[in-house]
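Remarks on the structure that follows.
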Amino acid sequence: MHVDALISIIVFVRPSKKLLSGEPRSSRQVPLQTPASNKFPYEYEALFILCHAIEKKTKAKKKKWLRSLKVFPCERMARSRASSSSMALAIALLFMTFVDQSYGQMKVGFYNGKCGNSDVEQIIFDIVKTTFQRDRKTVAALLRLQFHDCFVRGCDASILLDGSSTEKTAGPNGSVRGYTLIDTCKGSLERRCPGVVSCADIIAIATRVSVFLAGGKWYNVETGRRDGTISRASEANSNLPGPTTPVNVAVQLFASRNLTTEDFVLLLGGGHTVGFLHCSFFLDRLYNFRNTGRADPTMNLSTLSSLRRTCPRTGSNNVVAADQTTGSSLTVDNGFYKAIKGGKGVLQIDQQISSDPLTRNIVTRLASTNDFANKFGSAMVKLGRVGVLTGKQGQVRKSCRVVNSS
């Protein structure tokens, strides 16, 4: 990561009047509003009372940025009194470390002021929200879409390209959805500011919105990606982990993309806490596990009976929730980890991460604490940095489905 400066801060946060009125503002800020809110959750007013360790070469630039966030000297703030509500919020945020929010040439708020008077992230938020209200499975579709895109050639929207042998046609991508939603977002943005917002960034922003609407915590998305011009089904077939991939192999695949073992467990669980699976992906676990003629002995018997009713031995196109926790299959929460701890994993790899020495302690922690809620967003941000194109690399496609003509 290219870090311009490091600022250690103590923060007091209160909702501003503009937030309460619902006026959208900078995407740099974290929302306090709930998913049920009709307003765009961006506007906050932050009072910073301690800053230091600003790198010399960016000192002037950083001071200007800090002033824009209403930073006051410590001695001035010491003379003021914080309200009890501000203090309550401050306790949760004490000694936060704030790092310049950029990765290479990506940064949070990249499109601010670049689409006329239009707020790019507001537009995407509204479109995703409308779709989500009709179909709550939207979050699962977008999570899978972003993961499958980023794991092949990086986060360059290559999965969106049409063609007879593009990634979209690969076996692992056969049930990927969300293309029409991305097209809708792209079309709306192209009408307002042609050739500005990349398809790769639309995927990342839309996925974040859907996670939030499904009950997950808001996280800031770095933007500034460019779109790729190459898409090969063969690369998708060889790079995407499958439902029977051994845990150690999956961990290595993630490590090769600068993602940790914990990132792997977070991203797998995040995708499967709201995901739905076709019977064909796990039928062997129900009837002929590893050619034994029997079910996988690690599967919970009640779960086995339930899955067999939905997925007969002869096969079907039926789907089941990857998260077998009652009432949790459409919510971004840690129910998935609780389920696999009880032998209720549907996919083989899901169940294996609960017992494999490389991952079992992480699963136990995520099942019993709030770590998933607090860390999933960070893992998504790291996923969004994989193999990105920035600057003059790639292009900003006019249509997400085709490469621009020269």
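Glycine is treated like the rest: Cβ placed from N, Cα and C.
Predicted automatically and left uncurated, TrEMBL annotations should be read as such.
Among the features that TrEMBL reports, domain 'Plant heme peroxidase family profile' is placed at 105-404. Under the heading disulfide bond, TrEMBL lists Cys115-Cys193, Cys150-Cys155, Cys199-Cys400, Cys279-Cys311. The site 'Transition state stabilizer' annotation in TrEMBL covers Arg144. Look at TrEMBL and you will find His272 tagged as heme b binding site.
Counting only same-chain residues at least 6 apart in sequence, those with a Cβ under 8 Å from the Cβ of Cys400 (disulfide bond) are Ala157, Leu160, Leu161, Tyr179, Ile182, Asp183, Lys186, Cys199, Ile202, Asp227. In three-state terms derived from DSSP, Cys115 (disulfide bond) belongs to an extended strand segment. When each of the disulfide-bonded residues Cys150, Cys193, Cys279 is scored by how many other Cβ atoms sit within 10 Å of its Cβ, Cys193 comes out lowest. According to DSSP, Cys400 (disulfide bond) sits in a coil region rather than a helix or strand. The two recorded residues, Cys115 (disulfide bond) and Cys279 (disulfide bond), show a Cα separation of 44 Å.
Closest to the residue listed as 'heme b binding site' in space, going by CA atoms and restricting to the recorded positions Arg144, Cys150, Cys155, Cys311, is Arg144.
Cys155 (disulfide bond) and Cys193 (disulfide bond) are 22 Å apart (CA-CA, integer value).
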